[in-house]
Amino acid sequence: MFSRVFAVASLAALALAGPLSVRDQCNTGTIQCCQQVQQASYYQSAFQEIGLGELLAGVTGQIGTQCSPISVVGASNGAQCNAQTVCCTNTQFNGLINIGCMPINVNA
């Protein structure tokens, strides 16, 4: 008898809990709006051609260029990013180059 009550109560609790809401987070810095996002390997060959290949040595992931910070609060109230919204781990030259970028969706 108690096993049935326990089983029904467990299923009811799972049904009421529902799915968890997943939100985009940027724990490593500010959310950026970048005009262009490319794999680091795309830029490594160009940097090597001009003799600056060692600057991106060891950099993996994506690199954003011409980025400007946006806030999640602003994004939900109508601020728009007409390019790629990303979360980057390292911002250089006031957003001209952002390293370690990961695309995110701020509309979720």
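From the backbone N, Cα and C atoms, a Cβ is placed for every residue, glycine too.
Annotated features in Swiss-Prot:
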DISULFID  Cys26-Cys87  disulfide bond
DISULFID  Cys33-Cys81  disulfide bond
DISULFID  Cys34-Cys67  disulfide bond
DISULFID  Cys88-Cys101  disulfide bond
SIGNAL    1-17  signal peptide
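Spacing of Cys81 (disulfide bond) relative to Cys34 (disulfide bond) is 8 Å (Cα to Cα, whole number). Secondary structure from DSSP puts Cys81 (disulfide bond) in coil. Among the listed disulfide-bonded residues, namely Cys26, Cys34, the Cβ with the most fellow Cβ atoms inside 10 Å is that of Cys34. Checked against Cys26 (disulfide bond), the disulfide-bonded residues Cys33, Cys34, Cys67, Cys88, Cys101 differ in C-alpha distance, with Cys88 being the nearest. According to DSSP, Cys26 (disulfide bond) sits in a coil region rather than a helix or strand. Cα to Cα, Cys101 (disulfide bond) and Cys87 (disulfide bond) are separated by 5 Å.
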